[in-house]
Each structure stands twice: as C-alpha cells, then as structure tokens.
Amino acid sequence: MSVRARNPVTPQYPADQVHGVAALREMFENNCAEVVAAAELPLLIINAYNDSDSVSLIDISSVTCDLPTPNRRHSFAGFDEEKLSPAMLPSERAQAASLQAHDDLQTVIDKKEAELAAVQQSTWELEALLGKQDVDNSVLEARILQMKRQMDAITDDTETLRKCQFDSMNALHIVLELRRHAFDLQFELNLVRVKEELSKEIEATVAEMNARDAAAKNALAGEISATSDNIAASNEETCRTVVRFKEEHDEEVAVLQETAQKRVVAVRQRAVSLRDQIEHKKAQNLGLRGILKTSVKKTSVQLEKTSEALTRKYAAKKQQREAAVKQQQELEHKIEQVRASIALSEAAVEENDEMRLARQQAQAGLESERRLLHNKLQELKGNFRVFCRVRPAAKASDPVIPMKISSDDDLTVEGKQVITLEPMAVPYDYSTGAKRAAAHRFEFDKIFPQTSDNQEIFLEISQLVQSCLDGYNVCVFAYGQTGSGKTWTMSHENDGMIPASINKIFEDIDTLAAQGWTYTVDGQFVEIYNEQINDLLAVGKKVVKHEIKHDDAERKTTITNCTSVRLESRAQAAEVLERATRKRFTASTMLNLRSSRSHCAFILNIRGHNQVTNATCEGTLNLIDLAGSERLNASQAKGDRLRETQAINKSLSCLGDVIHSLYKRQNLSKEVNAAHVPYRNSKLTYLLKHSLGGDAKTLMFANVSLLVPNAHETINSLRFASKVNETRMK
C-alpha cells in the first residue's frame, strides 16, 4: 500500500527577500569560522585520546575557549564614524569601522533569523492544518459512502418487502383453497370407504351363512341316502336316527340364526358409530375452516400494518436521502476547496522530498556513527568475554555446594564479578574421599545465579547480535559438564540464546529497513562428532565429506558440501532449528541419560546493503552448544562412549590452547606475533578461526552445577573458564 506524503503550504516570499536571506547566511557562515574551529577542538581531543596507548581520562571540562557566539553582541554604544578622533591611527579607525559593520550585520542576522523562525512556525501550522483537513475529508468521504450504501440497502429492502407481501397474499389464498378442496375430498373418500366396508361385511356374512346351510343340507342328504338302504332292516332305528338328526339340525339352525342376528346387530352398531365419526369430522372441518378464516384475517391485518410501517419508513429514508444528497453537495464543495488548497501546496512537496532525502542521509550517517560507537563499547568491554551461569538444583532436598556470588555493585577493580565456593565437610571426590579445606575464588565478566532466566541472560547477548548485524564475526559458545544446562541455555525452544538471537535479528532487520537497509540471512546447522563434521540440514542419508575452507583476506569461513538455507522469517528459522536439533547425536552416560555427544554449531551468515548510502556489511554469527566436558572415570564411558569423551576433551583442550596462543601473540611481545596458533589441532577451533581474535566478538558461557556430587567437575569448569578469562584478548 502506497502512502502519499502530505506537506504543508509553503509561504511565497519576494525574490529580493529570498536572495537577501541567502546573502546574509553566506556572510554569517564566513564570520563564524572561529565557531567552526572551536567545534573541531573536542574532536581533536578525542582523536588524541584514541591515538594514545595509555588508558587515561581527559577532563574536557578543564579545556576552555572564549569565542564569540552567534547570539553574543559586542556593544559599541556612542560609536560614530564622524566623531572619530583625527589623532587615531588608520588601522584603529579601520578596526573600529569593522566592529561597527560586524555589529550591524549581527543585528540584521538576528532579525532575519526571527523572520525565518516565524516562517517555519507558519509552515508547521499549515502542515498541521492540512493534516487535520485530510483526516476530516477522509471521515466525510467515509460517511458519504456509508450513507449511499444505507440508502441503496433501504431501497432494496423496500422492493423486497413489497414483492414478499404480494407473493405471500397469493400464496395464502392458494393454500387456503387447496386445503378446502383437500378436506372435501377426504370427507367424500371416507364416506364412500365406510359404505363399501359395510356392504362387504354384510354380503360376506350372508354368503357364509348360506354356505353353511348348503353344506349342512348336503350332509343330511347323504346321511338320508345312506340310511334309506337300511330302512328295511330297521325302521325303528331309522326313525330314531331321523328324529335325532332333525333335532340336531334344528339346534344348529337356531345357533346359526342367533349368530347371524348378533353380527347384524354389531354391523348396525358399527354403522351408527361411523356415522357419528363422520358427523364429528364434519364439525372439525367446520372448526378448521373458521380457524383458517380467522388466521387469514389476522395475517392480512398484520401485513397491512407492516406495509404501512414500511411506507412510513420509506418516506423517512427518502427524507434522509434528500438530506444526505444535500450534505454530499456541501461536502463536495468543501472537497473542491480542499483540493484547491492542496494544489497550492504541491510546490512544497518537492522541497519536503529533498528534506526527507537529507534526513535519510543524516540517519545513515548517524547509523554509521552508532556502529562505530557500539563497536568501541564492545572493545572496551572486551572482544573476548567469559560469563558464568549456575544451574539450580532440580530438587530442594538435593545437597548443594555452598557458594557466594558478588552483586553487580560489588565488582573488582577490573570490573568483574566474583564467585566463591565455600569449604564444606562433605567430600567432593567420592573416589578418593578427599575433602576441600579451602575456599575457591573465581572472577568472571558476568555471573548469573541460579535464579536468573534465559531472558535476563539474553540482554547481554543481544549486544553481540547487534555487532553481527553491524558486520563483525561473533561467536557464542556454552562450556560445561554434562547436565550443567548448556543446551537449556543455548537451544531452549522458547527463550534459548539461539531462538532469541533469531528473533532479535529479524526485529532489527525490520527496524533498519526504514533507514534503507536490506539484509539476507543464510543458516547452516552442523555438528562435530568424533572430529567429523555432519550436516544436520542435509536431506537423505548419503554420506558426504565436508571440509573447512578459509578466506583469510575477507576473514570468512565456508564448509564444503554443507546445506545452506535462506531464512526469510522467524517461523521458518524456528522450523529449521527444530528439524536440525532432532538429528543431533545424543547418548546415555552415567552423568546424564541424554547427553549431547557432539559439538553443535548454528551458523548465520548475515549480509546487509544500504540503498541510500550504498554501504554494505557482512557478519557471521556462530552459536555453539559444546558437548559435555567430564572426566572419564566420572562418566564411566566405555567403547564408543569412551572414544567420544576423548575426542570431546581433546577439542575443548585445543580451544583453550588456541585462546592462550592468541593472547600471547597479541599481548606478550613482538617476537610472539608470528607464533603459530594451533587452529588445525581440532575441527572445532579450525571452524572458529575467524571468530576468535582480531575484531571478532567472542563470548564463553561457563555452565556449572550446584550439586555436591558434581563439585569436582564444577571446580574444573570454573578453573578452565577462569584461565580463559585471564588470558583473553583485549
């Protein structure tokens, strides 16, 4: 989204007045050469201080200079060229005339400066007025657009409601008519169905009775035929049989007649019940018709009321629309006036653009000065610093080493903090049972107690990250025994030094973008395991040999066949960091169930370019989580773990040798300047060749444990770190 610069209306002055101001400024600059010379005096003092080999303080306040200032007036009351004494020498007369001219010129300059201040004040007021008018115009345009949208919405709603009213009335009439026809048809169908059912039941009953009678008659006829053959044999038996069959027949006929009569009565009763139901349904139908009529009437009344309300609302909206149109016309008139005012200020836009460019160039100069001062501050603090961090005990019941840490206000003469391990009765070496009888005292640049968190620690690290953005090589590494909190300090996913450094880099990149700086950040993640370099960002399982190459002229280091990832955002950098951390080699030892068995290095190559000044910078940030340092008998390493521990301790020892050699090379004598620095004795030191010594910034974390069983390893770590701190480069 582009933003159009709004600039105030610049007042127009006559050409002769403008040229007069320019001439006065030129005269003022020529007469203030002494002031410029006085302004250069502090710079000469600072340069002399920087060139001196001894560190001494110069009291600038003791240097005084009595020079005239632009606001200082020389009073020459009563001076008149015509009243000069004839006895005055020509040189004295010329000097007096020059002083009078200088006083007059100073008066004119003060007057012009007052006029210039008034013009600037007027310019600022017009700029503020124009900004306010732009805001008012934006608000009015937004209100006009909102009113137009509301008016269109009201018109659409009115048309929609009218159409809905017409459609609902038609639909209601159709529904009522359909329901009436449906009720009539259902009633006729029910009546016909009942009649058909009654007829079918009566016919079925009569047919059943006739069938039974016919069957009985057929049976009797058969029996009579069978009996007639025996008539001759026994007439008496025949008579009795005939009588018996006749009686049985009469009984059956009586039973059948009685059953038929009962069924006829039941059918008649059912017919009566069906007639009653039909009458009840008719009554319900009439009731439903009444309810429908009432509902239709109520709905019609409601629709009429709604229509009247909408009509009134439409009339009100119409009035609002007319008012809005009128207001829009007024606003358009105001907008035209504002546009005319803006047209008058377009001439000042170019001047403001030039001023903005000048400000950007001035900011670039200030940024360069800030970088120089920041680097000077870091050099005064020390290009090689050693911090100590104490890991808290996991449980309150764990035995801890008694120690004292001096506060930030209680520093040594060299500005260092002191950590003192008090004597304790418990043995610190369980293999020999030896007891520590004397206190151990160590000095470091900064000591973080067990109550410190990663955010507090990063406040110190952030200055080194800034140095990397300024174009210097920076190395931060954590040293200590296994389980002393190195990985927590460097690689904790939320606030470790590596994630926090990434966040600060991208925050500063966003901030410096306003000054014309653009940066590219390329990341590499490697581990050094048994003096072999492994690429933790490589895809696949193909084994590739990696070699370390150095450009001594540019003080740059590259790793061959190593994956480099362009980091565009914090989220991407966090994902790359997590993916690489999962591939790091860990194993179990007696000191830690998950011990880091390799040195892990997260390398960021940062390149910057300023589009305003065309300045460039390039720095490398090495964030290293060293493998745990412990004695072989303490870790009880065997086999592969033994070889790992030996390789780790060798590389850490080489690191101390390199630091000591750099110290001798820089501080002891000129004969040692050409001394060999054993970078190649270890892959770790060879990788950090251009991040140790010179103008590189190096910070070492000495992570130690509070627990009594780790007392010996804690003392060894503090001794190693203290030795490094004593021989650090200045």
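Note: Cβ is positioned from N, Cα and C throughout, glycine not excepted.
The stretch that TrEMBL tags with coiled coil, taken from the ranges 46-101, 102-157, 438-493, 662-717, is 102-157. For S484 (ATP binding site), applying a Cβ distance below 8 Å and a minimum sequence separation of six or more within one chain yields R391, G628, N703, V704, S705, N710, E713, T714, S717. The local packing around G480 (ATP binding site), expressed as other Cβ atoms within 10 Å of its Cβ over all shown chains, amounts to 29. In the three-state DSSP scheme, G480 (ATP binding site) falls into the strand class. Confidence for the domain 'Kinesin motor' (383-727), expressed as mean pLDDT, is 83. Taking all protein chains in view, 23 other C-beta atoms sit within 10 angstroms of the C-beta of T487 (ATP binding site).
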